[in-house]
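Taken from TrEMBL as is:
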SIGNAL    1-24  signal peptide
BINDING   D49, H143, T145, E271  Mg(2+) binding site
BINDING   D49, D276, H280, D318, H319, H405  Zn(2+) binding site
ACT_SITE  S92  active site, phosphoserine intermediate
Amino acid sequence: MKFKNCIVAFGAVLTLSAAYPVQAVDQHVAPPEDPSTKTAKNVIFLVPDGFSQSYASSYRLYKEDGLPIWDEKRMLRGGVQTYSADRAITDSAAAATALASGKKTNNGMVGLTPDGKEVTTMVDVAKQHGKRTGLVATSTITHATPAAFATHVQSRNEYLEIANQLVHNENVDLLFGGGRHEFMPSEKGGLRKDGQNLIEKAKESGYGYIETVNDLETWSGDEQRLLGLFADEALQPVLERGQEEPSLAEMTTQAINFLSQEEAGFFLMVEGSQIDWGGHDNDAAYAMTEMAEFDDAVKVAVDFADTNEETLIVIVADHDTGGMAVHATDKAHPSMLHGVKATGGTIASKVKKNFSNLKKVLEDQTNFKWDSSELKRLKKSKDFTLELNRMISEKAGIAWTTTGHTGVDVPLYAYGVGADLFYGTMNNTDVPGKMSEALGISGF
Ligand SMILES: [Zn+2]
C-alpha cells in the first residue's frame, strides 16, 4: 500500500459553545492509490473504551507471549480526534454518538444532536440493508457506548429508559452484557419502578434469552434475536471475574456465530468497557488485564475475517482515560503487573483499619516489595485506594496525569475488506461513514 505524505496540514478552527477552540484537522495522508474495490458484507467494530497510544505501548510491554493482534496484523491506520460538540475533552456518550452516527453532540447526550434530534446510527443503516445487528459490552448493556448505537436520551444516566428503548428498538437483533437488574421490576429484585419486566417483553418480541456461560455456549433456539444478560450489574473486572461470567472473547464468538447466519451480513459493535474504569482508577493492573481480554476478542474477530473474507474490522477508542505515561525500566516494567492478583479497590478492602496487615496484604496481592517509606506514604494518603493504584502503577513503570479523560487523539486500526478507506488524521464523525462505505451502502 502506498501513501503520499502531504506537507501542508489543513485546519479549520471550530468554536465550541463552551468556548473551547478546537482545530479540526483534515487528512494529513493521501488516500491509497489503488483502493480496493471489493465490498464488505460484515463490519465488526471494536471499541476499547479509554484506550490511547500510551495504552498500546504499555500493553505491548505487559504482554509476554507475542505481539498484540493489532500489531501482529499491522492494523494501525491513523489517528482520530475525539472532541465533542461542547468540550475539548469528550465523555463516552458524546464520543459513542459520533462513532455510531457521524454526529457530534454534547457530553452526556446519547443518540441525539445538541438540539435534541434523534440520530441515525450504524445499527439503523445496517438493518435497513437487511443485515443483522448486535451490541456486546462488559459493562451493563445500558452504558453509554452500546446505548449510543440504539437509543436516544438526553442523559447517559437514564439507564432504565435506555433498557426500555433497547428492547423496543426493532433494528437490534443481539444484546450481550451486564445490567439484568435494569430490565427487571423491583418486585423481582430489579431496579424498575414502572413494573415492566423487559426480559419478558423481549421474549414477546422475538428474543431468545440467556444469562449464564452455559446458556451462551449451548444456546440452540430458533429465535432470530438474542438477549444475553450475564450479570445483575456490570460484569466483574477480568482480574476478579471467575467462571460464572463469560469473557469478552466468548461473547464475541457467540455473537458472530449468531449474526453470521444472516445471508445479507451483519454489523457488530463490541466494547471492552472496563479499560476506561481501570484508567479512571489509575489502576494499571486493572487496565492491562482488560486490554488482554480485549486483545482476545479482537483475535476472535480477526480469525472470522480471515476465513470469511467479506468482513471489515475497525478498532478505535472513544477517548483516552487517565493520561497514562510510559516510564518502563528494567526495575519498573508493565510485565510485572502479572503478579497483581486483584484491582486496587479489592486489595484496599482487605487492609485492616489500623493497617496491622498492610505489608502482608500488599505482598500477597501484588508480588512487589514494599518498604517502610512506601507504607508510610500509603498510610498518610487522603485517598488510600487511589494512592495504592498509583504506587502499583509506578512500580510497573506507568504514571497517570488525571483520573478523568484526556483530549489526545486515539489510534485507529482496521483490517480486512475496506480497511484502506481509513488513513491519516480522522475525526470520530468520519468513522461510521467509512464503515458504511466499506459495506457499499450510504446513510450518513
Ligand atoms: Zn470514562
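Using N, Cα and C of the backbone, Cβ positions are placed for all residues, glycine too.
Just so you know, TrEMBL annotations are computer predictions that nobody has curated.
When Cβ neighbours within 10 Å are tallied across all protein chains shown, the highest count among the binding-site residues H143, H280, H319, H405 belongs to H319. Applying an 8 A CB threshold to same-chain residues 6+ apart, the list for D49 (Mg(2+) binding site) reads S92, T145, E271, G272, S273, Q274, I275, D276, A317, D318, T321.
Other residues of the same chain near the Zn(2+) site, with their Cβ within 8 Å of the Cβ centroid of D49, D276, H280, D318, H319, H405, are G50, D91, S92, A95, I275, G279, A317, D320, T321. The secondary structure of D49 (Mg(2+) binding site), as reduced to three states from DSSP, is coil rather than helix or strand. Filtering H143, E271, D276 by Cβ distance to ligand 1 (under 6 A) retains the following binding-site residues: D276. Cα of H143 (Mg(2+) binding site) to Cα of H405 (Zn(2+) binding site): a span of 17 Å.
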